[in-house]
């Protein structure tokens, strides 16, 4: 997709910041509906948000389960299978979000023909914001799993040292991990060392877990790669829009306070007018009485 951010920055005679604020304000829930096509668009956006909320929940659950397994020397097969099932759910939700984002992405022809349209710019902004959130979430998941992998490798390294297999260097360990087969990995360890059965089982289990992790990380990376470049290019624009939205919200809040103060001042002014009118009326009445008495006495 061709990046036309520079054209948006040029704009026309209207301030870019004001335009972007008006466009971006429809990103949030409660935005005004502009017609049936937009109702359908916002329904799709709501579906994406719901799917991403599920994805975020699964990522949090994955983090908790990884901590539990790391704390268990020999995790049961059911625990490892549960973790793998969770990874599969995350990948499936990631694919769903990717397809949903693709469905709301403005087509190039539409974007070119109606680029100055508020609706088109709103859709591009909405798509960019959601894409950025998705990429950040997947990046978080990948970083979390990479950290989990390193902790598993460290567990293997400690086991090798405990069992007097400390002669295995970090480079050799990585080469054995890259073998892709637990049997080869284990046989390489057994060549020159005496390893207890329990330690061997844990090392083998950790190696299998690392293999699954690496596959999961690769697959997740493939899911969001197509969005990463576009999000990076539009990141500056999105950040500027967010800043303008916050500034506008602050401006609206201050404006509401000013209106409230003005209304209170208006009420006070009305009361003062009434009091002045009463005072004037009483004064006139007193003068009339005095004049009347003077005339009568005279």
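Each residue, glycine too, has its Cβ placed from N, Cα and C.
As written in Swiss-Prot, here are the features:
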MOD_RES   15  phosphoserine
MOD_RES   29  phosphoserine
MOD_RES   36  phosphoserine
MOD_RES   117  phosphoserine
REGION    154-298  region 'Interaction with CENPF'
DOMAIN    200-262  domain 't-SNARE coiled-coil homology'
MOD_RES   208  phosphoserine
MOD_RES   248  phosphoserine
TRANSMEM  275-295  transmembrane segment
Per-region confidence, the region 'Interaction with CENPF' (154-298) (mean pLDDT, whole number): 66
Residue 117 (phosphoserine): tally of other CB atoms within 10 A of its CB: 14
Assigned element (helix, strand, coil) containing residue 208 (phosphoserine), judged by DSSP: helix
Residue 208 (phosphoserine) and residue 117 (phosphoserine), distance between Cα atoms, whole Å: 54
Cβ atoms near residue 208 (phosphoserine) (within 10 Å, other residues, all chains): 15
